[in-house]
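Working notes for the structure below.
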Ligand code: 1YM
């Protein structure tokens, strides 16, 4: 605080030290300064508006992504208080924006989004923005205040009378010196988060505008025109499970129950489909996706397993000699949302997304046991379909176990018998090792020549891989491609899966930049999503980014490529950078096979210079939906999707 201006009083110093701490260690407050952290700023502001909605004062939230990647969030709540704060002697809105952790400390009754990375408060957004502008509307009067790098720039002033209802508008510009990777917002990331928010808060309307546009481009992350989407669901989480099951053949109408006691509220919606997935149960606590599960999810699972077994036995479907249906059997093809709201949520676990409150478990368990038992009794036809599905899962599980034992005896899944096509790396340290899963033998050949043998392994895949979504585990295992993939990775699969056995900590999908390549990539992602989600959670799965254009000097006899372009939308910009673009030939790469080994190394494989996209399941709902829309029973949506999103990677946080 060397050059602290002399007119600061004690509270100002506290303010600066607080926000300075945030600027020094942003990761402690928002997780990272990468794209996730950047998007987190928006959630933090929107969470305040959602809290206002949970308190019953606000029903519409509007968000704009501006062309300069600044963000505006507006709500029609009460407006952040503008009166003088009794302790700090400055307007409360200024306290909220400048004092660390001020946000959560006020509030009275009700459930608030807090804990985890959320609820750190909007002052953190202020600290990490080069500028913030806030307008508060109360009783027809507008009040403005603004901040630069967390410091009050223009004090609160009464602007005058306006014709609009109460509310708050916040605009912020993420500080590019903090978010050094990128300050560009991803529309899909924000859209799926707001969709989720709208599902979880029945009736709440969230409107997202993207004012950015990239005219003339069909294959870029930006839409060709500005766009607006409205998220509002009268059915709440019932609509959520319908959404998760879109494109699937369902076995029952969504079941819904809710319960409440002094500890909190629980809402559950569930619906089975004929799909094989067992990881479509999503649990939330105070609107936060508890990826790591917790007490609410445990209560749900126990209740479902027990209730279905009891029903199946009572109806004589399970005989005395039969073994019980496992939890996985009862949840195969089950899409479910478990949403609890509680006063003081305890978030634990590695990513602070595991709910620890033990008092919520019996509430969920009783609600589900009672609700599900009643449903099964009253709806015998869908009940039979659900039980049949679970008993089939049990049979498949036993068959798969037998098949696994067979193949293991034959040595197929044995780690000593690595697949013949694998060109392994010499390093045996997984943290240093990576494997490229390459489409086709010819690209595989180039990659084998190009690679760094010490750390880079190559596994060429011949043709398309089996669609695991439709085939199920049993058939998948008997496919050559799948079993060589599993063996090469080394983790095994199903009950025997062990992420610690992964032979590589970077598993890189490298496919052509065309529609077939996109399809193969989707199939591989589906495989990892279904059978090795833990590898995605650990951040082991990546997608290689081969260039799509190369610029070569015209009439030059040298094959030297002057410049590679990885993004369709950048071509025009790059050509314009050169004084005389006529002097270049633009070569379009359709397949990896068109590059020689040196080029493949230089553009795509060299660790120092390449770009990799890391796959995560942050948005499991979206991944689940896209995967089933793409890979499910219906063919038309798949075709359309692939045509529309040939290079789109919505599983990804770049
Ligand atoms: C665009 C972002 O922040 N809305 C918002 C925030 C607050 C209130 C209303 C609010 C809360 C309370 C009372 C209360 C906040 N107020 C505070 C604090 N939208 C957005 N809308 N009156 C208004 O919780 O009691 C923090 S956030 F602390 F000042 F009360």
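Glycine too: its Cβ is placed from the backbone N, Cα and C atoms.
Feature annotations, courtesy of TrEMBL:
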type    : residues : note
BINDING : 439, 512 : Mg(2+) 1 binding site
BINDING : 512, 514 : Mg(2+) 2 binding site
DOMAIN  : 433-547  : domain 'Toprim'
SITE    : 464      : site 'Interaction with DNA'
SITE    : 467      : site 'Interaction with DNA'
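Sequence features, as recorded in TrEMBL, placed on the structure.
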residue: 439; record: Mg(2+) 1 binding site; Cβ within 10 Å: 26
residue: 512; record: Mg(2+) 1 binding site; Cβ within 10 Å: 22
residue: 514; record: Mg(2+) 2 binding site; Cβ within 10 Å: 14
Within the domain 'Toprim' (433-547), residues counted as helix, strand or coil by DSSP: 58 helix, 21 strand, 36 coil
If I take every residue in the domain 'Toprim' (433-547) and average their pLDDT values, what number comes out? 85
Residue pair residue 514 (Mg(2+) 2 binding site), residue 439 (Mg(2+) 1 binding site) - Cα distance, angstrom, rounded: 12
